[in-house]
């Protein structure tokens, strides 16, 4: 029987609401920190199929999760395009060769996932071998817009001055960059699908920093271009999830982009979101990650509220509204997951 995570994404009947977490394999887990130290660097961890497999499976050994998500980083794609990714302690990701003009964009090529990114499909194959039928595996990529923000800014940014200036002053150049990125992302996700992932997710972390006109033209347009190129049939139906952090105001437009499910951050009421999108897409989310700092009984209450707001029936995957933070207590994560298991069956009884 198809796993409840896949059925929920396809809005098919389920016996309970499935649950997983963005960044579920991460620094809040002591076992992850041990492997990270053994790896020597974050990039070593990402590029070693054996280590990536180990940390991908860690949260499933600890919790009753309904999906594993490939351990990797969204910036592996621009790294394979020649930008030279490095992670600086206390500073985050940084590119040695950021985009600084038209010539940099013109010379960008679309990387071959089985060559420049071969460690990713290799990790997928290894994870699937060891995961077996325990849970589906999610593959992922950053969205074209989100990848472009890092590539033009040279790393993380709060104001996005450089990338927005390029968008306003040289829109044709920005479109050229985003077209290449959309094709690269689609190729990358298709390689993950061919290697065995059961679902894919596109993370548009920074789309919510745009106004409506520019979100539709420079973010959602290229997420849709990615979706149009995805090969989602073959080994059964492969659901695709799209998540724009801060994108609640554009749900109706996002629901028309062709994805099976939309991720919600915690600023959008999931009940009203369900009314707005109707039966076009499933919804994923959307507990505030900061709620996990609260006492377990508070966490349980917040879980119940979200389940009640969504209401009865399938089409909901429980998740956080963004990634789990590094200093969360693992037992608080467990309280959230167990609350979903305990409370959600009541919303699926006929």
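Placement of Cβ uses the backbone N, Cα and C atoms for every residue, glycine included.
Since we're looking at a predicted model, the values are computed, not measured.
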Legend entry - Additional site residue, 205, 212, 233 [criterion: listed by Swiss-Prot with 23, 24, 25, 26, 27, 73, 150, 322 for substrate]: 205
Inset, instruction - Return the residue, from the listed binding-site residues 27, 322, with the maximum count of other C-beta atoms within 10 angstroms of its C-beta. - result: 322
Inset, instruction - Look up residue 25 (substrate binding site) in the DSSP assignment and report helix, strand or coil. - result: coil
Inset, instruction - Give the distance between the Cα atoms of residue 150 (substrate binding site) and residue 73 (site 'Transition state stabilizer'), rounded to the nearest whole Å. - result: 13
Legend entry - residue 73 (site 'Transition state stabilizer') to residue 322 (substrate binding site) - Cα separation in whole Å: 15
